[in-house]
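Reviewing the structure listed below.
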Amino acid sequence: QLNILVDTGSSNFAVAGVPDPDVTSYFNAALSSTYKSQGIAVTVKYSQGSWTGVLGTDVITIPKGVDGSYTINIATILESDNFFLPGVKWHGILGLAYSALAKPSSSVETFFDSLVRQAKIPNVFSLQMCGAGLPVSGSGTNGGSLVLGGIEPSLYTGDIWYTPLKEEWYYQVEILKLEVGGQNLELDCREYNADKAIVDSGTTLLRLPQKVFTAVVQAIARTSLIQEFSSGFWTGSQLACWDKTEKPWSLFPKLSIYLRDENSSRSFRISILPQLYIQPILGIGENLQCYRFGISSSTNALVIGATVMEGFYVIFDRAQKRVGFAVSPCAEVNGSPVSEIEGPFSTADVASNCVSSLTFHEPVLWIASYALMSLCGLILLVLIILLLIPPRCQHSYTDNDVVNDESSLVRHRWK
């Protein structure tokens, strides 16, 4: 039995294929009667860690709801670096993003695409992550649900609010503004989407572009009831501890993220209370409870990770190119909800497009590379033709006229 990390920020399905010091179980492909190796090496790098393995196919069955067996692509992980970590309770990863992110190329059909094609289920899945207010170093699972092919009404309360997908690679959305304690950060909305904003269950924290992160930390420090606070807490290098009888959440403000609605002239906001971003750590001190800051800086994206997703039931509606949010009933601490959704709001005060049109990402870079290679090939072909055409003027060569490799264009061809 293997526990699998559900990751909406990558697209390969992979499991440990050899023993590893940090993995309690692994898939021994040699003992499988259904596994077939494709002999294709694959390497996947994440924001933290990487692995290398071999692509193959195997047969899966879904225990509830989807009858039948289905053949899917699966990678067996043979080497990894900073991927499996001490104390983790999972043995593999299920990438649920689009095929554009699949390795070694987008031609590798993803797990969910295979399931939609073979089982004829709707092209939508939904995810409820539970764990609000619980220690982050616990048993490894705090419950939750992954629903393949639809939406489960018992997993949310109120309405579902949808925001359009900006592009189908990651689940890229458009963020219009952020508020801390009800106060707008007043940044250019493009700062929130630099260079993308994505919904990623495989990222633990809420990650913010550096400029946004700095503004959020300053706003939290300014509106919190704590006058003196170590900078190490905000950067993740230090914990903050209180007596176990105290609950520090009342000292911190609410954080709100505004997303563009399907009707582009409207927006809605998802809000998390401090119980989601001031996170208790298990087992430090006898009389103290220590906490970490559930928000970090990022160099290339705003990432709505587990810190936020634990407050909501999130619907990945690929059929209609949208992501939905609804309040999750498991997002409660001591019986009180720690997440909110409100709307609609007017977008009259926001730019019509907060996403830069110059989003260079891997598939685009591949296309550019092939275009340049084609251009180089064309130039080389023209040169070869010119060299093969007989000269019109006769010339009697001497020893000094010999063309050698040192003067050849081939020596200086483009790479």
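Counting starts with 1 at the first residue shown.
Glycine is no exception: its Cβ is also placed from the backbone N, Cα and C atoms.
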| said: Tell me which of Cys290, Cys330, Cys354 TrEMBL records as disulfide-bonded to Cys130. | reply: Cys330
| query | In TrEMBL, Cys189 is disulphide-linked to which residue out of Cys241, Cys290, Cys354? | reply | Cys354
| Recorded disulfide partner - Cys290, candidates Cys241, Cys376, source TrEMBL | Cys241
| request: Measure from the Cα of Cys189 (disulfide bond) to the Cα of every one of the recorded positions Asp7, Cys241, Cys290, then give the nearest. | output: Asp7
| task | Just name the most isolated of the disulfide-bonded residues Cys130, Cys189, going by other Cβ atoms within 10 Å of its Cβ. | result | Cys130
| Among the recorded positions Cys130, Cys241, Asn263, Cys290, Cys330, Cys354, which ones place their C-alpha within 10 angstroms of the C-alpha of Asp200 (active site)? | none
| note | Cβ neighbour count within 10 Å, max among the disulfide-bonded residues Cys241, Cys290, Cys330, Cys354, goes to Cys354
| task | Averaged across the domain 'Peptidase A1' (1-326), what pLDDT does the model get? Just tell me the whole number, please. | result | 92
| query | Any idea which of the recorded positions Asp7, Asp200, Asn263 has the thinnest Cβ neighbourhood at 10 Å? | reply | Asn263
| task | Measure from the Cα of Cys330 (disulfide bond) to the Cα of every one of the recorded positions Asp7, Cys241, Cys290, Cys354, then give the nearest. | result | Asp7
